[in-house]
Amino acid sequence: MTTDTIVAQATAPGRGGVGIVRVSGPAAEQVAEIVLGKLPRVRYAEYLPFRDEQGQPLDQGIALLFKAPNSFTGEDVLELQGHGGPVIMDMLVRRILQIKGLRPARPGEFSERAFMNDKLDLAQAEAIADLIEASSEQAARSAMHSLQGQFSGKIQQLVESLTRLRIYVEAAIDFPDEEIDFLSDGKVAGDLYAIMAELDDVRGEAKQGALLREGMKVVIAGRPNAGKSSLLNALAGRESAIVTEIAGTTRDVLREHIHLDGMPLHIIDTAGLRDTQDKVEQIGIERAWAEIEQADRVLFMVDGTTTAAVDPREIWPEFVDRLPKKIGLTVVRNKADLTGEDLAPSQELGHAVYRISAKTELGLSALREHLKACMGFQGNTEGGFMARRRHLDALERAAERLLVAKEQLEVFVAGELVAEELRLAQESLSEITGEFSSDDLLGRIFSSFCIGK
C-alpha cells in the first residue's frame, strides 16, 4: 500500500491544445481542494480554474476526480486537463509539488501502481508502452488486443490447465495404494499433450506479435557492384543510397526502416566485401561484417551476369564459412533483366534463391513476400496480440519444461518429477503476467515507460 502521492504530466511534452496533469495517491483529494478551491464530484467533469499559492488562476480547464479502487491506478486519482503549453504545464506541476506529501512520478510509475493494485497484469502494462510506440496500424491493433487482455487470457488458460494437471498428478503421488494407476491411465498424457499443443499455438502467435513490435533486421551483403544499393533503394521506394558503376561506392552502413504489410523491416546496405588496401574501405567492410553477424537474415547479392551459380558455397565459400550458422541466407541473383533467366524462386541446397532486377524491380514482389515468410508473418493479424522478447523467452522455457515432463512420464513414469516440471512451466508462464516476477524485472520494465504513464 503506497503512502505517498505522485504527480506528472500525462500528455507528451511540447505544445498542444490540451495538456493533462495526473495525480495519484492518498493526497489527491487534498490537491483538488487546494488547487481547485473545492472537491469535484467524483467521476464528473467540472470546468474550474487551477489556482497558484496566492489563489490566482494559473489556467482553467476540466477537473476529474476518481476514488479508489475505481481508477486507472486503483488509488485516488485527480486529472487536470488544461491548455497544453509547456510553461503552463510546468507551472501547474510545480504548484502541485508545493503541497506536502507530493513528489514527481518516476517513469512508468502510474502503470506500476496499476499493476501493484491488480488493475492490470504485467503483459497489459507493457502493452500500454507498446501501444504508444506502435509504428504501424497493425502493431497498434495488436497492442490494443494485449491491453484488453487477449494475451494474458491465453496465458492464464495455460496456467489453469497446468494447475489442474498438477493436482491430478500429485493426487496420484499422495494415494499410491489406489487400485487405479492414475499416471498410466492415459489422462495425464492426454492432458499434457493438449497443453503442449496449446502452448505451441500461443508461441506461434507470440512470435508474430514480437515481429510486429521489433521487426526483423535484413542485411544486404555481397561483392562490390552486385546491386546491393540498388536493392536498398528499390525496397525503400526512394533513392536512399548513391548508385554508380564504380566498385566500392558504398563505404559505410546505410539503414532504411520500412513496413511490409505492417511488418517493421530494418534493411541495411553494406560495403562491398573484397580484399582492399584502401583504409576507409577496410573500415566499411569491418562494419559490414559486424552488421551481418547480428542479422536475422542476409540477402546474398550476386551479379547474375558474372556467374550462373546459385549455390553460395560455390559462389563464395569463404563468405559462407564466416557467416554464423544461425543466420538465414537468401541468394538474390540480380540483373535478371539482362540475363533473361526464369524469375521463379527456387530452393538450392537448402538456400532460397530469388532472381530479380533491382533496377527495373522485376521479381521484387516475390522477394518481399519471402522476407515476410522468413519471420513467420501471416497476412491476417487482426486477432493477434503484441509480444516482447521476454515473453518469447518465458514461453520457450515453459515448452522445454513440458518436454522434460513428457519424457519423465513416458520413459520413467516418475510422478514427482512430472509434477516438478509442471510447476516450473507454470512459473515461466506466470512471469509473463507478473504473477511470478522479481522486483528487478519489474523495475526494468516500468523504468522504460514514459513519465506520466
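Any Cβ shown, glycine's included, is placed from N, Cα and C.
For reference, Swiss-Prot has these:
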- Arg22, Glu79, Lys119, Lys453: (6S)-5-formyl-5,6,7,8-tetrahydrofolate binding site (BINDING)
- 215-376: domain 'TrmE-type G' (DOMAIN)
- Asn225, Thr244, Ile246, Thr249: K(+) binding site (BINDING)
- 225-230, 244-250, 269-272, 334-337: GTP binding site (BINDING)
- Ser229, Thr250: Mg(2+) binding site (BINDING)
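A map of Swiss-Prot features onto the structure.
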{"residue": "Arg22", "record": "(6S)-5-formyl-5,6,7,8-tetrahydrofolate binding site", "contacts (Cβ under 8 Å, 6+ apart)": "Val7, Ala8, Gln9, Ala10, Val77, Leu78, Glu79, Ala105, Phe110, Gly452"}
{"residue": "Lys119", "record": "(6S)-5-formyl-5,6,7,8-tetrahydrofolate binding site", "contacts (Cβ under 8 Å, 6+ apart)": "Pro69, Ser71, Phe72, Thr73, Gly74"}
{"residue": "Lys335", "record": "GTP binding site", "contacts (Cβ under 8 Å, 6+ apart)": "Gly227, Asp303, Gly304, Thr305, Ser357, Ala358, Lys359"}
Return the residue, from the listed binding-site residues Asn225, Ser229, with the maximum count of other C-beta atoms within 10 angstroms of its C-beta. Ser229
The rounded CA-CA distance in Å from Asn225 (K(+) binding site) to Ala271 (GTP binding site) is 10
For the binding-site residues listed here (Glu79, Lys228, Ala271), which one has the lowest count of neighbouring CB atoms within 10 Å of its own CB? Glu79
Cα-to-Cα gap, Ser229 (Mg(2+) binding site) vs Ala271 (GTP binding site), nearest whole Å: 9
What three-state secondary structure does DSSP assign to Arg22 ((6S)-5-formyl-5,6,7,8-tetrahydrofolate binding site)? strand
Please classify the secondary structure at Ala271 (GTP binding site) using three-state DSSP. coil
